[in-house]
Amino acid sequence: MAMTSWPSTGRQRRHQLASMLLLVLVVVGINVPVFALLPSLSYTPQSLPSAIPQDEKMISRKFYIKDDNFWKDGNRFQIIGGDLHYFRVLPEYWEDRLLRANALGLNTIQVYVPWNLHEPKPGKMVFEGIGDLVSFLKLCEKLDFLVMLRAGPYICGEWDLGGFPAWLLAVKPRLQLRTSDPVYLKLVERWWDVLLPKVFPLLYSNGGPVIMVQIENEYGSYGNDKAYLRKLVSMARGHLGDDIIVYTTDGGTKETLDKGTVPVADVYSAVDFSTGDDPWPIFKLQKKFNAPGRSPPLSSEFYTGWLTHWGEKITKTDAEFTAASLEKILSRNGSAVLYMVHGGTNFGFYNGANTGSEESDYKPDLTSYDYDAPIKESGDIDNPKFQALQRVIKKYNASPHPISPSNKQRKAYGSIKMQMTTSLFDLVRMTDPADVITSANPISMESVGQMFGFLLYESSYIAKKSGNTLRIPKVHDRAQVFVSCLSQDVDVGVLRYIGTTERWNNQPISLPTIECTTNTSLFILVENMGRVNYGPYIFDDKGILSSVYLDGQILHGWKMIPIPFHNLNQEPNLTFEMQHTKNRSKKFELTNDVGRKEPALFAGEFSINSEEEIKDTYLSFNGWGKGVAFVNEFNIGRYWPSVGPQCNLYVPAPLLKRGKNTLVVFELESPHLELSLEAVDHQDFTCGSNVSKVNQL
């Protein structure tokens, strides 16, 4: 059993098509590499302490479990923590958000490590920028936080594929994720051979902040492979030694604890459960799955809010109810970790998704991961939930609390005029044949090497005078269908929008009669809207995953054309010669024709006059259709105001600069009639019909 070889044409294709896309923006005078979506965000905190050398440590420096209590340096310790994810916050704001968690009264930070962020391609490890885990952990240490590290390899977390790299789905024979499949475990071992040595110097016994390391996540809600869990424990112990507490987290029921816990005396089993449940019967059950004396009561995910999918009403939970539920735990010396203390943002294409009872009941998560947490997406703490939780926590954490920081200032920069730069047809026309993958039948995004974003499928057919019927039995996740006489006259060719079929609303599409002198060209643009991160359907390949049927017959002869947008924490993978583009710029003509429903790139600029005026802002997409937006080369996420509830995308100030700032959007449907966007100073979750109910998982 071996991994599939990575196609060299996949790498070349991304370089070449990205260069073509960049060319268009230069024509409108925007001299920035639009798809190099991560500026250098490496964060180097000043005077961050390294782990204390072994010979300088106090002999008593130890965190352990005894007599059903946590102990820190010989004293009983109550964990009052919160989840805060470094990969959902710009590095420049890590300290700000941690200081706000400190002001709330927390003494511990719990944090996931997403494998896919750190190994976006097989063997390519990334620990810079927003992925600089070590700097984040050292910053926690500087601010006197302990850390509970959730090392995975599966994390859930409303994160694409539960943190698994998407390229795992392209391995042949197919991997059995979250099992003792030896090929899968070998890849986990390769990943942890890089990750865990970075963590080892930061363990509490070595002078660092890390007191506990979690393996897997809520495994009892998924599987029952004890050999798999024992192997993960063995891997973790091999790198981290016997002093560190290794723990699991499972729902507070007998069934989930039966399946998800490790029957080893030195592995601690924590629980999570719905806010408002009586915690103490669950903690009593927890004791049955821990060794005698090794079951301090811990709710490792105390929910301060809940996630929201597109098309649902934004989640809101009552502040006083949440605080009272927390006090039921803390008042009897129980420990709790707030999930989330600060949610942050699903930048790039990394948002996750859920399903209902069927795979087709697909529910992608918002770009905002505000979570109705006490520290809002923009860092605001002037809200009833923060105040209510702070009042409770101060009763049980006697450590001095700093003065609560004030809310960060925001600025409305006003209207931003946008200009159409290139259409989907232009992208097709500019594509080099060497970039195109051909196959008798459509193949998945992962098999093409396009892990995120969009993939364009092209075929052709003979149109009937009475029209044709197109059916795609399995598409993940959303397909827009176009036809064209592309081979007839490319100089005036357009892609004629026919309809959309979706994973959750898969309907046949009627193709109207179109008179072409040769076969009619068929184009299907498929959007990957985020992989499922929880439940039985996490094996979530993207693209067209079945044959395509035309009038009941399989349509053969396909081309796959990747659209190379960059994802979060991806460095530029191309070089661009400005003089060369100037020489070729005469080939392009701009248009403001927004009447036809065809995906297109739009670009605009706004200016900031001074450093003092650089503030957080929000981009309002009211009046636009659906797409993805980039600010100064950074992918700030997806927008979909017609479905809602999220109207605005959060733009943190560190992404902005004095002078000209560039905004680029890839609009899939219909741009604003006036071709403008508004930079406003507030969050807005009032878009769409919001008729769906929010269901906890």
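The backbone N, Cα and C atoms fix where each Cβ goes, and this holds for glycine too.
TrEMBL entries are annotated by machine, without manual review.
Values in this document were obtained by computation on a predicted structure and should not be read as measured data.
The active site, proton donor annotation in TrEMBL covers Glu218. For Glu218 (active site, proton donor), the number of other Cβ atoms no farther than 10 Å from its own Cβ, over all displayed protein chains, is 20.
Take the CB of Glu301 (active site, nucleophile) and look out to 10 A: across all protein chains shown you find 23 other CB atoms. As annotated by TrEMBL, active site, nucleophile applies to Glu301.
Annotated domain 'Glycoside hydrolase 35 catalytic' per TrEMBL: 70-395, in sequence order.
The domain 'Beta-galactosidase 1-like first all-beta' annotation in TrEMBL covers 442-563. Secondary structure of the domain 'Beta-galactosidase 1-like first all-beta' (442-563) per DSSP, as helix, strand and coil residue counts: 4 helix, 53 strand, 65 coil.
Positions annotated as domain 'Beta-galactosidase galactose-binding' by TrEMBL: 599-661.
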Could you state the whole-number distance in Å separating the C-alpha atoms of Glu301 (active site, nucleophile) and Glu218 (active site, proton donor)?
11
Take the domain 'Beta-galactosidase 1-like first all-beta' (442-563) and average the pLDDT across it for me.
92
